[in-house]
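So that you can see what the record holds, here are the features copied from TrEMBL:
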type	residues	note
BINDING	662, 663, 664, 665, 666, 667, 668, 669	ATP binding site
DOMAIN	736-752	domain 'DNA mismatch repair proteins mutS family'
Ligand SMILES: Nc1ncnc2c1ncn2[C@@H]1O[C@H](COP(=O)(O)OP(=O)(O)OP(=O)(O)O)[C@@H](O)[C@H]1O
C-alpha cells in the first residue's frame, strides 16, 4: 500500500479555501459556528451534524466527495460564493468513515450537543450547540465495523531523545481497541524492521524525525499513515506526567525502568489518545517493556518474501498465517498474528509454549471441549474498550457476560484434566480472575440476546427492576388503551375505518376519510372531536382523552428508557471496575485459543514438537513446507516430498552453509522457505511440519530472492537485490539464519556469478551464520572444496524419454544442469523456439568445453585468497574473460549464411567498442 497523503496535503490540494469568519459580518450564525469548529480542527475533515446527516463544506466537501464518490452540491452562498457541500446519512456514517480512514484521512465528528427545542427557546436565530465529540484517525478506532476483528490496530509513536545517541529510537505501540500497550528501543537502522512487525495503523513521529533524511524513504513508502507532531508532544518530562495521569498512579516506578526515549514515545501515544477521544479514556494496560533482542528480528522484505501474514499479492489466503490458523476466536486470531510476527528468542519461554501445545495434543477430549467453549467466546477486550469510551451497546455488556462464562468453563475443563504445565496453569489462573458476581449481575440484568442499540431499550430482563417493569407495564398498557379508544370511537361514530394514529408532529390523533368530514363536524361528534388537519383524502382530529393518554404514554416510555439507561450505566461501571481481571482473562482466552489451535494443527497435519535450544544447531529431519503441503493436499496433487536440512556447526563453532543447485521448478525455493518457516513456527511456540527438528535460537532472519522492482523507491530490480544483499552481509551475526535465493541473476552472467561467489565467501568467512543459498550458477559448487563449512546439495530430477521428472528430493551433491529448456517446453513455449534453444544450448556447451571454462574456477585468484575472519574478504577481480574471444570461439563459419556473417561483423565491432570504453 502506498502512503496516504497527509490531510494537510489533501486540504491544500482542494480549490475552495476555508474563509475566515471574522472577515465579514454577513456570515450566517450557522456558518460562523461551522468555521470556528473547522478552524480548531484544521487537519481533519469535519463531519458537521445536521439532523440525520453529517455535512461537509468547502474544501472538505471537495476532498470527501472525490474520496467517497458522492455528489458534490451547493448550499447557499458565503461571501458571495457558492458553498460546496456533500453529506452522508448518519445511519451509514461508519461505512463512509471506514473508507476515509483507509485513505489516510482524519475525521472530526461534530455532534449537536443540545436539543433543537432548547436552541429555539434561546431565540429564533439561535444555532443548535455543536461540538467535536471525537477525532477518528486510523490508529484510534474502537468500532467493530471499522476494525478487522482478527488483527490488532496499533497506534505507534517513534521517539528519539538527544543525548541518547542518534542511532537509538524508542517505539511505543498501543491498540486502544484491546488495551495492549508496549514499548521497546531499537537501533535506528532497525526501525523499519520493528515497524514492519507492528504494522501500525498510524505512526506518530516528531517533526524533526519526520524531516530526517535517514527516515524519509521509510515514511514515504510505509503502508501506514504517518502523523508528524510538534516536538512538544514528545517531551519526556511532560510524558511522565501524562502517563501518571492516564494510569492514575503517583509514580511510574511500577512500570519498570523506562528510558527517556521510551517515556517520550509512550507519552506521545497517551496524549494522542486523549486528544482524539476527547477525554474518554480507553483502558490501556501499563506499557510493557520489551527487552532488546527479545523477539526474532525480521525485516519487511523478509516478511513479504516469506509471505508470513499475506502473500506477495496482498492476500491472506496462501500465507503462513492462513495455513496454520486453527483459532476460533478473534482474540485468538490476533494473538496468533502477533506471535508469528514476533517469534521469541528465549528458549525457556518458547519451551513453555511448546509444553502447553504438547499437553493439549495429548488430551484430545480436553482439546475438543475447550474448542467447543472457545467457539462461543466473545471478544471481551474490544467490548470492554468500547464500554470504557462510551461507545458500547447492550451486546457489549452481553459479550462480557458470555466471556466470563466461557473463561470459567474453559478453566474448569483445563483444571479437571490435571497435570497442567506452567503455561496452562497461568492461563487457568487468569481465566478465573473476573468476579463471578459480575457475571451473575449481568446474567440477571440482561436478556439472553440483547438488541444492538442502547437507545432502543429492551435489553433489560423483565423482573430485574421493579421500577422498570412498572414503567413498561404502563407504556404497554397505554398501547392497549389506544386500541380500546379506537374501538370506542368507531362505535360512537359508526365509522368502521376510523383509526387512532400517531406521528411526531400531531402526536396521537383520530383519522377518518374525507367523506366523513360532514358527520364529524356536526353535533354530537363535533363536541368530542377537534379538527386538526385536512389532507387530500383524510381528515385528522384530536380528543381530550387522546391528549391525556399522549402524556401518559410518552412519560412511561421515556421513563422506561431512562431506567434502562441507568441500569446500563451501572453495569458498565461494574465492568470497568473489574478492568484488570477482565483484561487478563481476555488475554488468557486468546492465548489458550492459539495453543489449542496449534495442537489441533499438529494433530491434523502431523507436526512435531521442535527442540529449541541455545546452541547454533539447525537440524530438520523430514521437513515440509506448511503452505505448499496443504496446497498440494487440497488439489490432490500428490504428496509433498519431505526433506532434511542440517546447518548445524560441523565443528561446534559456526553454522553451516548449504549451497543448493538444481533444475528449474525442482523445488529449491520451496526448500529454502520451508526451513525459514519452520524456524519461525518453532520460535513462535508452534509445532513444526517435520519428523524431527532441533533449532538453536535464530535471532535474525533474512530472506532474499532475486527481487522485484521497487518503483516506488525508484530502484531497479538488480539495485533492490543488491541493497537487500548488502543489508544481510552488513548485519547478519552468528545467530542469524540467511536464505538467499538466486542472488545475482538480475545482471549479466559473469557479474552475477562473481557477486554470488563473493557473497557466499563473505557469509562463510565474515558473517559465519547458518545460511541456505540456492543458485543456478553451478560453478559455485566448487567453493565446497575450499570453504569447510559449505556443503553442496541438489534437488533431484529424473530424465525419461527427454522429459524431466521432478522428484523434489534434496540430496548431497551438485546439479549437472538446469533443464531450463525442458521447463520452458512444459510452460508452452512454441516448439520452434524450444528446438532452436536446444541447438543454441548445444553449441554454447560445446564452446564452453573447448574454451575450457570448466577450469574457470581453478584459475580464479580468489581461491588462493583465503579471506580472514574479521575483515571482509578482499574483493576478487571478476573473471577475466574476453567476451570477444568467447563469441569467436563459438563460431562455426561454415554454418553462416552471407547475411549472418555480415551481422556478425557488426556485432563483433560493437562488442570491441564496448570493451574499449570500459
Ligand atoms: N518437496 C516438494 N514436494 C512436492 N512438490 C514440491 C516440493 N517442492 C516443490 N514442489 C512443487 O514444485 C513447484 C516448484 O517449486 P519451486 O518454486 O520451489 O522450484 P525452484 O527450484 O525454486 O524453481 P526455479 O528455479 O524455477 O525458481 C512448487 O510450486 C511445488 O508445487
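Every residue, even glycine, has its Cβ placed from backbone N, Cα and C.
Sequence features annotated in TrEMBL and their locations in the structure.
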| residue | record | Cβ within 10 Å |
| --- | --- | --- |
| 662 | ATP binding site | 29 |
| 663 | ATP binding site | 23 |
| 664 | ATP binding site | 18 |
| 665 | ATP binding site | 19 |
| 666 | ATP binding site | 26 |
| 667 | ATP binding site | 25 |
| 668 | ATP binding site | 26 |
| 669 | ATP binding site | 18 |
Structural state of residue 669 (ATP binding site), classified by DSSP into three states: helix
Shell list (ATP; ref centroid = CB of 662, 663, 664, 665, 666, 667, 668, 669; cutoff 8 A): 795, 806
Local confidence of the prediction over the domain 'DNA mismatch repair proteins mutS family' (736-752), expressed as mean pLDDT: 80
